[in-house]
């Protein structure tokens, strides 16, 4: 009895949605496990919220609001709009607002999970990717911001980045607010502030000239598309550019330079973060003040951070970021609940780490099946090995010995176990050291004696009763 | 500058979508980590596919096809319909079809992740829940089915279930196919077979009477809703009920009884699975043959399994299941690719385990802040502790000492560290053993001497330079 005939579907994925397998995925998982260990050590507890939320609960804070559905994947459920979460912060704000009375305050939580952005995918830019976040909700203290920076440093170290391979750059949006006030941009000029923020956010990519254009009338890109600017005059734009250009040198040097530009509250905040960073032993190389850092998401209200990977030739890309978002919970409750957090871009960091450390781990020991009538013997051997703590599998396809050894190779099996009729009669098994075999195949250099000895060692017999010990010995050599 | 005023959203979730935090979530995470360790030991490699797929690639195999969108959450993307995955098997079939030539065959993969069902939520029944699956694609061998059963047993043991607390029941859909053939239900009577399958699947809930009604004209439930039956006559229904009732006793006993009912291919398959289970040391208590097991998902073609939790008073509910789905990859490729798998229901198993083992783990050591001007000192203390491997956090709210100790209590902090002005002047810190304090508060019984001694031990001073050693000592006692 078969299902009624249907047109055969194509096996394909919607664009920008990756499959990840084997070693690639293992790197991501290990990374999340190490980062979350750091978060736990710092006193953050885990939280998992659903993949989708009411659209009004998530809010609209993405930089690309001109995309379909304003950058999110939305659909109707029970006649209300819901959307896949675009980050882990907006759902946290909903969670805190919903459970405010029951939570310890400050509430410190970490979370790891996929987020979805309905954006144009590109190389290394996916529409589903993982983030691993920590947030402190209910603390207005700059020490909480400093903790985020220090903890991010600890997390990057924990995943194997050495000092000098990463750096956290931080600033506060209050610096810009002070400059905007000074140059007479009205405090309620909401959209002008946003356009200025986004212009600065593109500093890395567009440089001074590009930002200057976006602060003024606007900018035409290579494709001819025109982006409307903030409409500042030359003097106003210069004041913003002076701020953006103030970040060179040690934290103390930058602070002194910024103090001249002004913004008392901003400077006090940065000084307090700097002092806390020193208490937390965060070096100048690990964390610098950089006023070009403003972050793209709209909800940040104060301190902002960005983690960058330093390649051989300078900065290599963003591997995390965050900041203070004192108004996000207030959207629900009215009352302001100060909060700050840091998000590590798991997929990006994993990709960066993979180029640094090609994780080539061994597969399981493979027990071959030489005779389908004796599959039970092979199952029992694999079972014995596993019970002794050795990863092992039985070949369960229908192919012959040659194809089985090819399979062992594809699985990176370190050892193949073979028991044909002859071995069975003698009560022995054959162990094939596939790693050593591969080494020999790759050439053992000019040493003929070593070569001959190695060849001898590749294949070896052991009494069936000694299987586990023989495998363990071979694995250990 | 603030965002333009918007109506204040309610902090709420769409129904059937749980938040999970703290210890509850930790139990789930630990469970996934232990189960996946078993899968890895058995030679399965990890795979992660995206949360949503083209709807035609997922196919329509859910039992509740009468629900909106046929049980899935669907939406349009680039003018094509996509849907959140309802299990981890349908995406695997798409992945295998898409990457067939590059994969080792058999392809053995495990996966853990959330799945979404657009069903009516209820107590313990969510619309988002986690599964942790293993699948062998490209093996027609009953040994592969037996491995699934044996591995599920190993996984349940690994998460802490003792023998007797769980059982795998298994059967094959080929048994029913043989009976249907014998009673003259045409081989192409696709929908009759499905109705019969789903009637049997409800055996647990409805008993013999209910199943009998569903095999015949139909059944009216308590609410008065009528479910149309398969339309079998009395003799035909009896044949099906004979099959359903054949499962009592050891695997050998059930096999002998089934052999009389017939279905050569089915019996041969079950015998082979039984032999392989014995080779894999799976006991009768761990795995039984039960012809009432058919599973709800439509894509199964042969062997089917179900993991059940055994409570004090018998069966407690399904904690996993799976089976053989030889036609799922063929949907894409035409060519049949035999496959079998097992899925552990993470959320359900975690809920069951939580009632068995209330995971009450300690929170981080809490460093109190007695003077906001000296927050750096507190940060430095927590940092020293963490660098020595002790989980520690600094209190970063604005509250006084009493509220901070309350916070420590909410966080299950084992120790509070206090350094007020007096302590600072003397160069010491005060350590408060909160666990011991809680024990005393709960009453130490009638032993007055022990009580007095314990009270003394709760609070203790140490030189600031000895902080780490003193904390480690207190944690160890």
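Glycine is no exception: its Cβ is also placed from the backbone N, Cα and C atoms.
It should be emphasised that the depicted structure is a prediction, and the values quoted were computed from it without experimental measurement.
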Of A:117, A:125, which does TrEMBL put in the L-histidine site with A:87, A:88, A:89, A:131, A:135, A:295, A:299, A:300?
A:117
Using a 10 Å cut-off, grab the number of neighbouring Cβ atoms around the Cβ of residue A:295 (L-histidine binding site), all chains included.
20
For the binding-site residues listed here, A:89, A:131, which shows the highest count of neighbouring CB atoms within 10 A?
A:89
Hey, does DSSP put residue A:87 (L-histidine binding site) in a helix, a strand, or just coil?
coil
What are the non-local neighbours of residue A:300 (L-histidine binding site), defined as same-chain residues 6+ apart in sequence with CB under 8 A from its CB?
A:173, A:294, A:323, A:324, A:325
Tell me the Cβ neighbour count for residue A:87 (L-histidine binding site), meaning other Cβ atoms within 10 Å of its Cβ, over all protein chains shown.
19
Grab the L-histidine binding residues from the record (A:87, A:88, A:89, A:117, A:131, A:135, A:295, A:299, A:300) and give me their largest CA-CA distance in Å.
21
